[in-house]
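Okay, so here's the structure we're looking at.
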Amino acid sequence: MDKALLEQTIDICRRAGDAILEVYNSSAELEVDTKADDSPVTAADLAAHRVLAPALAELLDGVPVLSEEQEMPSFEERRQWQRYWIVDPLDGTKEFIRRNGEFTVNVALIDGGEPVLGVVYVPVLDITYAGCRGGADSEAVAFKRTADGETPIRVRALQPRLDAGEPVELVASRSHGAGAVDRLVERIESAVGEVACKNMGSSLKLCLVAEGAADLYPRLAPTCEWDTAAAQAVVEAAGGTVVDEEFRLLRYNSKDSLLNPFFYVIGDSSFDWRPLLTK
Ligand SMILES: Nc1ncnc2c1ncn2[C@@H]1O[C@H](COP(=O)(O)O)[C@@H](OP(=O)(O)O)[C@H]1O
Ligand SMILES: [Mg+2]
């Protein structure tokens, strides 16, 4: 993939982050509306969308943009798309409202149903996670950029941690699917050993697996395709995988519904997770 395209995408995400922070840092009371699926939406979601949609449409000529904050095109229309941008202008709206900083701007480029480039930007922390696939004459790229500089990121191996008596580290949602995660934790504890579980909002959970700060993110609750595409591109470029409950790779734009199946984000896929994760 094109590193220049990745940099241009990062720049657009940072501008969307600035639009979010203007709302976040303003002293006005935050107005929260509820969407058809009962999820919250704020002026910040819409402000970020208004930065992202036109900028991405201009970036790649003729490549459509699918954003959470727009009217959804029909599957009849979408299924014609070989490449498109998929955008969640503000993932973790609940965390935004709680003002805990755990929300992200998410942009991915999908090609043939696969996320090939992704940017996850964390406005409050000014952290960027970015990744793209390699091409015929280029390697995959995955990195984390902060005000202090940029470091390549890579998922971590699990077995050496277990051999050293370290716990399996899970990340999970603050708001969704807690019961199913508790049952999974019990299963891993009885089969493998100690589990440590950290709760976090938004697509940051996938990024923690990508940067080797967690081993597994089980998502046993609904998400939409825009919630996962960007961070999946980062995870895959960093050596990890995202699979459904049958261990099939998570894919995009293959059906009428934009809901994802439940899924697992796995850092070390050389570890035999199947007995733990399949029923
Ligand atoms: N019933 C549901 N159907 C579809 N997606 C849902 C959902 N409940 C939660 N989500 C998704 O889960 C995301 C939040 O996940 P988490 O709890 O891990 O932070 C939400 O992102 P938004 O904040 O962009 O709406 C929303 O898209
Ligand atoms: Mg979201």
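Using the three backbone atoms N, Cα and C, a Cβ is placed for every residue, glycine included.
Automatic prediction, not curation, is the source of TrEMBL annotations.
Among the features that TrEMBL reports, substrate binding site is placed at GLU68, LEU90, ASP91, GLY92, THR93, ASP227. Annotation for GLY92 (substrate binding site): same-chain Cβ neighbours under 8 Å, separated by at least 6 residues, are GLU102, PHE103, THR104, GLY201, SER202, SER203, LEU204. Mapped onto three states, the DSSP output places GLY92 (substrate binding site) in coil.
The local packing around LEU90 (substrate binding site), expressed as other Cβ atoms within 10 Å of its Cβ over all shown chains, amounts to 30. For GLU68, ASP88, LEU90, the entry in TrEMBL reads Mg(2+) 1 binding site.
Within the same chain, residues at least six positions away from ASP227 (substrate binding site) with a Cβ under 8 Å of its Cβ are ASP88, ASP91, ASN106, SER203, ASN260. As annotated by TrEMBL, Mg(2+) 2 binding site applies to ASP88, ASP91, ASP227.
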Smallest number of other CB atoms within 10 Å: among the binding-site residues GLU68, ASP88, ASP91, that is GLU68
For the binding-site residues ASP88, LEU90, ASP91, GLY92, THR93, ASP227, which residues place their CB under 6 A from an atom of ligand 2?
ASP88, ASP91, ASP227
Show which residues of the chain containing THR93 (substrate binding site), separated from it by at least 6 in sequence, have their CB under 8 Å from its CB.
SER39, PRO40, VAL41, THR42, ASP45, PHE103
Farthest-apart CA atoms of GLU68, LEU90, ASP91, GLY92, THR93, ASP227, residues recorded for substrate, distance in Å
12
